[in-house]
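> Below is one structure. I have some questions about it.
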Number of protein chains: 2
Amino acid sequence: MTAEIWDVIIVGAGLSGLSAAHLLKKRNAKLRILILEGKDRVGGRTVSTEIPAANGVDQWDFGGQWVGSTQTHVMELIKELGLEVFPQFSTGKKVHHMGGPASKVRTYRTSIPALSPVVLMDLTQLLWKINRLCATVCVQDPSKTPNAGELDSMTLHTYIEQHAWTAELKEELGLCSRSVFGMEPSQMSFLFFLMYAAAAGGVLQLLETTTGSAQEFKIKGGTQQLSERLADRVGWKNVRLGSAVTAIWQDAEWAGVTTATDTFLCRAVIVTCPPHLAAKIHYQPVLPSQREFLTQNMPVGHMIKFIITYQKAFWKEKDFSGEIVAGTTTGCPFCVTFDATSPKGNAALVGFIAGQQASYWGSKETSERREAVFSSLVKYLGPEAATFIHYEEKDWAKEDYAGGCPVNVMAPGLLTYYHPSLRKPCGRIHWAGTETATQWCGYMSGAVQAGQRAALEVLAEVSYISLTKEELDELQHCQTAESPAKKAPSSGLLYLSASKSVAIATLTITAVLLLAHRQNTFLKFKACLMNFFSASKQNMFRL
Amino acid sequence: MTAEIWDVIIVGAGLSGLSAAHLLKKRNAKLRILILEGKDRVGGRTVSTEIPAANGVDQWDFGGQWVGSTQTHVMELIKELGLEVFPQFSTGKKVHHMGGPASKVRTYRTSIPALSPVVLMDLTQLLWKINRLCATVCVQDPSKTPNAGELDSMTLHTYIEQHAWTAELKEELGLCSRSVFGMEPSQMSFLFFLMYAAAAGGVLQLLETTTGSAQEFKIKGGTQQLSERLADRVGWKNVRLGSAVTAIWQDAEWAGVTTATDTFLCRAVIVTCPPHLAAKIHYQPVLPSQREFLTQNMPVGHMIKFIITYQKAFWKEKDFSGEIVAGTTTGCPFCVTFDATSPKGNAALVGFIAGQQASYWGSKETSERREAVFSSLVKYLGPEAATFIHYEEKDWAKEDYAGGCPVNVMAPGLLTYYHPSLRKPCGRIHWAGTETATQWCGYMSGAVQAGQRAALEVLAEVSYISLTKEELDELQHCQTAESPAKKAPSSGLLYLSASKSVAIATLTITAVLLLAHRQNTFLKFKACLMNFFSASKQNMFRL
């Protein structure tokens, strides 16, 4: 068996790997680049599938689907590849159901859920605290965050238990954790949560459909096109599908990459698959133990995504936006749905069964799961929900060479002890994938950023001349992991100065007392809160 | 390539795998059993090595070394294999250094460390709370423990922060965590910690050298003999060293096990390697996602163990026991040392660099690490410590097919969400290894218990007739994971009834006030505490 020789081999033909290949090619067209992919398609955690719809068939995303205007890396790529975005539809009543099966189903129209005044105030004080902490996080090197050790020694659950006042808010935050990470709040470090939010520009940016948020736009024709068009540019002859990498060895001269049937030699390797899959590759010599400990502490989330097509968007006719938020205690299998009507006008809803609900419902028969989904949709949107054209779902935990979605989180202690190994190359091996990004990590934009960063690292080794002085300086800067952490208040467990805590508490308690007797004050208070949130977001990086 | 055919293939020739093979052979001598081992030796996380000593050379354990009289599975095996134990030497002054490099080095003679009265009382109240919780844990199925979800949603660090009053005790408990798990308290679920302690009979059993505790006895000639003698009985022709398993597939008729050079067919497989290594094997069909999520949440600890031989046990002559306990803040690289004088009388000390200290010191040159070890030994035991015969160390994170030691812990959330996958067979694949034990899990005894349990599972499939009715019932019982949880007080976050908390707090505060002025009361109080601990241990399972 003679080994093929390449300059660079990329493991994984997702958005990160293909972005890396694309940049390498742009900088040095002579570089021989090979991309090895286990799946039989490109796109990684993005996949666009045709399903029956009102007007024949149409395309929907069963993986990553949203982008936002602050996600500069993916937005630039979309433009470069000649693709178009369209906004997430969010006009009309949103449904909100929390607090047990017998609790009242509420509707609301703003970006703030239909919470009771007390819970709304609880949310306000908690978001204020978390956003204050977020602003102190050093994403590049979270161990430099003030009080990092303490923030990383507790789970997100512990922080919520300590700082949320109401059971309703705690349920709400569990839902947020499931929706964003496919994980329960007990399963991740609080510092990781802060870092993730900081990399997105704030907590609300993770949750909303508003300008600059994570759910702002969708891509016409689907997100998998990004990877397909990148593969067009890189050349499909350089992409080998169905070629899972099982081993990587390296010596003073070469790196060797092995699949079930072939061996390839190259000068540099970029591994882009998520950490739990990167951990399954056999490395020779073995990776530094700190890198092994890193991947042992990065479990992946669990999401089942479903798309349901309808003859018409009956919810719009009934003045619903299609957005439903439902807590685990309600018996509803999904945590959130949105309108998913295609740019061609084919009516559809998209929903997510996530975290432990995905584990529970994923173990049931499809028919039982589907029945539970429709039963809840009928409850929230009316009997029309039962008359659909097609129901299609994807359980990412069962996808080969994925094993979970949307992202790998970090267990407590990881950021304190093993974080330097996240992006640090191991000899000829460089690490990409959205988990290694510093802007919008966990999102498609992060995947692009990480791929491009790894490509620059490789260029510095195999084609030094292709880099500008600024890029070389930047690489140097990244590898020494220097990034200015915002100055935080200097004392107190969670950097919330005592006087401000008291002020916030007094403010919210006073408001509760007022509101208990004057229901009409509520709407004014809500408007005021929305201004507060909006201002907070704008101010976040000015703090 | 023709595949060899066997009845049962065992992955890993450690204590668990060999115990399984031994039991299978005893029950049905006709069974064709093959054990595949990646390393070039048997013993897994036990290894006994000859090093220069006062009288020529002698044998010391560089992996698991201690057993205790309550560890029934390993004690029976020791007897069966004709081996002998001898007690851990612990007579004389013990050294205790915590609270920063400038703090006073104290000595003590009892099993309770030389803590200040205030810290001692803090320890008392905390141990009382933890032992109460331990007594409520259902080891077989920890999710049945009262308040399991909450206990599993926090790290051990969070519990300590919430319930320990003094910085000194917090430092002390960090040291305990490192010594026992090779991990920091931020890296594991508090419920996991409770389960681990409950499986050992209590927290103090993990820490002490007293009767019934984890560090009670050592094995004459070393612990690796257990595996070697088991291999003698199973037959060395059935053990293939240097044969790391890379893939396991299964269909309706066979399981196939693949190494770099061979493929074997069999009816059942027992995988005994630690979870992070089991996760690196490629399974076809892929394992259920719950099993994959389980191994993603079980990182392994980090320990560097050293043995130093001396011309004579100078510490005994100076009335030291050889036991030193030193906190991270003192600058001392190791957390604990013990006398390791061999049964042949060759003087030696054994020490552990563990957890994050192992990461830190493991990245240094051997000479620097050794120098730091001797510098601390000289400080604590006197200048004689510098004149040694031989210094030998083993960093388990750098050992091939180990990657860490002594045990894999469980991240928060695992016990709530994925625990049923820990022992549940996946088709023809059965799971052993000390992490799957229910008595002394994490110890050699747990490895034996787990191996024997997996062997019984396999017999139930391939040689039904070899089992007694009781064993079949027991297997059934284990698989439905029924085990009576002790009834706990019914309310309150951590099952400590308010009145008792207040009583304990009042008691300890009163004692502090008394002691602050009457130093001679201290010794009486200490004696009283020791009686309390002793009584607690005896009462633990009567609660």
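Cβ coordinates are placed from backbone N, Cα and C, and glycine is handled just like the others.
Pasting the feature list from TrEMBL:
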type	residues	note
TRANSMEM	B:6-24	transmembrane segment
DOMAIN	B:15-459	domain 'Amine oxidase'
BINDING	B:Ser16, B:Val245, B:Glu435	FAD binding site
TRANSMEM	B:188-207	transmembrane segment
BINDING	B:Phe352	substrate binding site
TRANSMEM	B:493-516	transmembrane segment
> Once the DSSP letters are reduced so that anything not helix or strand counts as coil, what is B:Glu435 (FAD binding site)?
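Helix, per DSSP.
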> Between B:Glu435 (FAD binding site) and B:Phe352 (substrate binding site), how many Å separate their Cα atoms?
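The separation of the Cα atoms works out to 21 Å.
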> What three-state class does DSSP give the residue listed as 'substrate binding site'?
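In three-state terms, the residue listed as 'substrate binding site' counts as strand.
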> Can you name the far-off residues of the same chain, 6+ from the ends of the transmembrane segment (B:188-207), with a Cβ under 8 Å from a Cβ of it?
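Same-chain residues near the transmembrane segment (B:188-207) but 6 or more away: 68, 70, 111, 127, 130-131, 133-135, 137, 139, 142, 145, 148, 151-156, 158-159, 176-177, 179-181, 213-215, 409-416, 437-443, 446, 533, 536-537, 540-541.
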> What kind of secondary structure is B:Val245 (FAD binding site) part of, going by DSSP in three states?
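SS state of B:Val245 (FAD binding site) = strand.
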> The record lists B:Ser16, B:Val245, B:Glu435 as binding FAD. What's the largest Cα to Cα distance among them, in Å, rounded to a whole number?
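Among the residues the record ties to FAD, max Cα distance equals 19 Å.
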> Cβ-Cβ under 8 Å from B:Val245 (FAD binding site), same chain, 6 or more residues apart: which ones?
B:Val11, B:Leu36, B:Gly38, B:Val257, B:Thr258, B:Thr259, B:Ile281
> By a simple count, how many Cβ atoms lie within 10 Å of the Cβ of B:Phe352 (substrate binding site), its own Cβ left out?
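B:Phe352 (substrate binding site): 22 neighbouring Cβ atoms within 10 Å.
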> Please report the distance from the Cα of B:Ser16 (FAD binding site) to the Cα of the residue listed as 'substrate binding site', rounded to the nearest angstrom.
24
> Around the Cβ of B:Ser16 (FAD binding site), how many other Cβ atoms lie within 10 Å? Please give the count over every shown protein chain.
36
